[in-house]
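Chemist: Feature list, courtesy of TrEMBL:
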REPEAT    33-67  repeat 'PPR'
REPEAT    133-167  repeat 'PPR'
REPEAT    234-268  repeat 'PPR'
REPEAT    335-369  repeat 'PPR'
REPEAT    433-467  repeat 'PPR'
REPEAT    534-568  repeat 'PPR'
REPEAT    569-603  repeat 'PPR'
Amino acid sequence: MDENLVPALISVYGDGGNVTIARDIFDCLSQKNVTIWNSMISAYTKNQKSEDAFVLFRKMLQDDVQPNVVTFVSIVPACKSFGSICGEALHACVLVRGYENEISVATVLISMCAKLGNVDSAEFLSNQIPQRSVITWNSIISGYTHNGYWREGLATFNEMLLEGSDPDAVSIVTVLSSCSKLGAILLGKSAHAFGLKRWVNLDLNVSNALLAFYSECHDMISAVKLFHKMPITNAISWNTLISGFVHHGEYQSAISLHHQMHQKDMDMDLVTLISILPCFHEVRDLVQGQAIHGCAIKRGFTSDVTLANALISMYVNCKELVAGKLVFENLDIRNVISWNALITGYRHHNMQNEVMHLFDQMISEDQRPNHVTLLTVLPVCYTQMQGKLLHAYAVRAGFLSETPFLTALMLMYTRFGDIKSCCLLFQMGEKSNISLWNTLISAHLESNNADVAVSIFSELCKTDIEPDYVTILSLISACIQLNDSHLTNNTMAYVIQKGFDKDVAVGNALIDVHAKSGQITLARMIFDNMYQKDAISWSVMINGYSLHGDSETALALLSQMRCEGFIPDDITYVSILSACSHTGSVKQGQIAFNSMVEDGIVPRMEHYACMMDLLGRTGNLDEALKILKSYSYRPSANILESLLGSCLVHGNVEVGEEIGGLILEMKPETSGPYVVLYNLYAAAGRWTDANRVRSIMERKQVPKVPGVSLLGESGASLQKSLGDSKRSMFMYLS
């Protein structure tokens, strides 16, 4: 075989990925010159076979073949797979042979040092080159950017311009990456202008880098303008813009762009599918999410763990937990993100047992949880022992120093009433972090130790740490618990002094505390003077009037709330209906109930309970029965029993019979409904029906609840069973 053709032949097979054939050709030769060795080493390096490249390089030296410049240019890039020691050995080899001043060798050495994180060596090598080419400049700028030295990268680019070197597309792409990380919008735009002046029609790689730059700098308008001006685009262009929209929460824009991509028959690669899936996750569009899944199956992408993780998140967020678990189970290799995606889905759907079971399975399969896993699982531990085991794991894994995990542990111990452990964790944390103080204060509030919570707040005020709005909300909660007007007034003064009254949540809490302490006028003054109101502000104020039994003002405020464009929620209507019930305001109650339906709120059991109580108190039992029959589900026994009691009070036998029948269907072995029905018939003089009820009760052997008489006898209470007396057994005891 012609010795001059062999290197070219090896290169052809190497470039095509057929390294085995290239090596067979290499091995067939008994005599090999340095060019043949270089071509085989280069083939290995290009195909990411660094170990084979180094083995061949060592054999080359053992066979006394002297490496040249091309040899080092080919072998040095393979060092990134073996670390600094290997790189230093090759560097020494270069120095021994005197090739350090060769620009091509120096450039690959700079690139190698940078990729191994040795920026100082890369900078030193760069400074030793008397005449740096654009490739050399790009290597050192890229090295800075790769290692997070973005300012140094930009400074080196500026130095490059001052020395008269002409940047190329690679230079601009690298500089734009640094501008993105620093948020240097003006510098990035200058690079954009430089590119336009230099090339008129920008290189596609530069255009894509600009798209990424504008997206990362929150300038989606410029990104879209640039995209539409690009003469040619590729999948990277579309993926970059889609990812930008997703990153900024513009999901519909991302979906629209994805549809355009489909209409233009653009090739949707794996990155496209991974980029667009979070949109369907967020907007909960299961159909389009399933379409992406189908596309992934068709393209053979389902084994990719990143795509599978995105599919799991999409399915669980769309409440398709079975489909999400199926994707999870079909994964050959799962990473911690796969487990977290499914665990988080179960957690959001309050499937506590499944969360713990999946976590146990994760441990049994030797998958190490990360801090996200533990933060997700901690709140659903149903025993303190489980929480302690997670605590122990966190200590071993080194997560305990992280404030979010410390606060999660404190909340877990609080849930189980272990305030002592909560306080110990606080002592271990960084005292300058306000979230730890907030958690400690909140823990004592949840344990009904409001006075201790206030004391902790006082200690906080002695430090240099500034309370935030969460601290203030906790302090206001303490005021409600303690019902201390002096503390409430001091808190109000502190809030105004520190400017927290401008916060909507704090304003809402102040309305609540003053309304609950009987100061409804002051609560209304705070409401009227709020800088900004949200739906909760209106709801809290309406609830305040409801607590004071002022249903008329509550309804007037409800009407005003709707005029202002705020939509009341179901809790607001519970407050109003409750107020109407306590004041017997039937008309206002009916207006409120109808308004709720008009607002598109489906009445819940609490709303029906308020209406039943209102209509029952005022004797509107036929209307109550009519509403009952409109239920889309069976009313609770408590509501029916309350209504049956109202039938007895108002002597409405007809409605009482229907209500009693419904209760006995639900609770046939309970004596209460029989007793009320007996008394209802007896009060109406219908003794035949009364005796029939008594007979049914005796035939079914319904347990008889003994009466209780409290007779004052030397200050003692005497319990007296009324026994089996038929007269006393059916006496209505309210």
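Even glycines carry a Cβ here, placed using N, Cα and C.
Note: TrEMBL annotation is automatic and uncurated.
Give me the local environment of each listed feature.
Modeler: Mean per-residue pLDDT, taken over the repeat 'PPR' (33-67), amounts to 87.
Using a Cβ-Cβ cut-off under 8 Å and counting only residues 6 or more beyond its ends in the same chain, the repeat 'PPR' (133-167) has close neighbours at 103, 106-108, 110-111, 113-115, 117, 119, 122-123, 126, 174-175, 177-179, 181-182, 184, 187, 194, 198.
Same-chain neighbours of the repeat 'PPR' (234-268): 204, 207-208, 211-212, 214-216, 218, 220, 223-224, 227, 275-276, 278-280, 282-283, 285, 288, 295, 299, counting only residues six or more beyond its ends whose CB sits under 8 Å from a CB of the stretch.
Assigned with DSSP, the residues of the repeat 'PPR' (433-467) fall into helix, strand and coil as follows: 25 helix, 0 strand, 10 coil.
Within its own chain, the repeat 'PPR' (534-568) is flanked in space by residues 504-505, 507-508, 511-512, 514-516, 518, 520, 523-524, 527, 575-576, 578-580, 582-583, 585, 588-589, 591-592, 595-596, 599, 601, which lie at least six positions past its ends and keep a Cβ under 8 Å from the stretch.
DSSP labels the residues of the repeat 'PPR' (569-603) in these numbers: 27 helix, 0 strand, 8 coil.
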Chemist: Which bits of the chain, at least 6 residues beyond where the repeat 'PPR' (569-603) starts or stops, bring a Cβ under 8 A of a Cβ in it?
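Modeler: Same-chain contacts beyond the flanks: 535, 538-539, 542-543, 545-547, 549-552, 554-555, 558, 562, 610-611, 613-615, 617-618, 620, 632.
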Chemist: Sort the residues of the repeat 'PPR' (33-67) into helix, strand and coil with DSSP and give the three counts.
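Modeler: The composition, in the requested order, is 26 helix, 0 strand, 9 coil.
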